[in-house]
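Everything below concerns the one structure shown next.
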Amino acid sequence: METEREEVRVGSKFPLSFWEMAVASVVVLGFVMGLLGVYLTMPASDYSFLKLPRTLEDLQILRDHLDNYTSDYTAQVLVGYCVVYIFMQTFMIPGTVFMSLLAGSLFGVFKGVALVVFTATTGASSCYFLSKLIGRPLLFSLWPDKLSFFQAQVAQRRESLLNYMLFLRLTPTLPNTFINVASPIVNVPYHIFFLATVIGLIPAAYVTVRAGLALGELQSLGDLYNFRSVATLFLIGIVSVTPTLMGKCKS
């Protein structure tokens, strides 16, 4: 009996709940199986063009080569795309904006937005769980001031946390990478984090994916977010927090 009590106490101290561990395990297993499936089913060819794009020129070369495979090996390209995007999001590797542009160029607006929102949400979720396990020392050493600000804001907005998280996702107030890593540390519940991510990423994903349709016309990443695009995202973000502000005024 005493041994069972000790096991319960030890289990309760573990950073992840059973369901969080289950979701994290599914992500890891899907990542491994996806890579293996793509490797085993793609035809023999020269894949030296496959690398993470760092410039628009790299992205255009990658798009031109993948165009030859997408029609005949759609499933493999989709799985490979998802695995790479989720990996980049999980481990905070810069360049997901290029992957969003690639989605629009290869799959069009509707499928591209759905793909980007799915992979970005999955990658953000796995980053959330990973940070919950090992992220605290990293955050306190790299972004102590930013973490203190975020923690204070979350504490003040507990009753309307979903609206606040939506505002952060819709606007560039805080980087999405920081939000992914810091949310479990400042006790943002996963269901709030998940809903805000799914809904909040749609507008920015649409802007980026749509730009991917005219990839050859882009001169720089600055062309993606002109004043009109940024103003629109801010407007949507303000709308998301308006109910909270009105509630405070009435009280």
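Placed from the backbone N, Cα and C atoms, the Cβ positions cover glycine too.
According to TrEMBL:
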| type | residues | note |
| --- | --- | --- |
| TRANSMEM | 21-42 | transmembrane segment |
| TRANSMEM | 78-102 | transmembrane segment |
| DOMAIN | 93-212 | domain 'VTT' |
| TRANSMEM | 109-131 | transmembrane segment |
| TRANSMEM | 190-213 | transmembrane segment |
| TRANSMEM | 225-246 | transmembrane segment |
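As a whole-number mean, the pLDDT of the domain 'VTT' (93-212) in this prediction is 91. Long-range contacts of the transmembrane segment (109-131) within the same chain: residues 16, 20, 23-24, 27-28, 78, 81-82, 85-92, 96, 99-100, 103, 138-139, 176-177, 179-185, 190, 193-194, 197-198, 201-202, 205-206, 208-210, 212-213, each at least 6 residues beyond the stretch ends and with a Cβ under 8 Å from a Cβ of the stretch.
DSSP states for the domain 'VTT' (93-212), grouped as helix (H, G, I), strand (E, B) and coil, give 103 helix, 0 strand, 17 coil.
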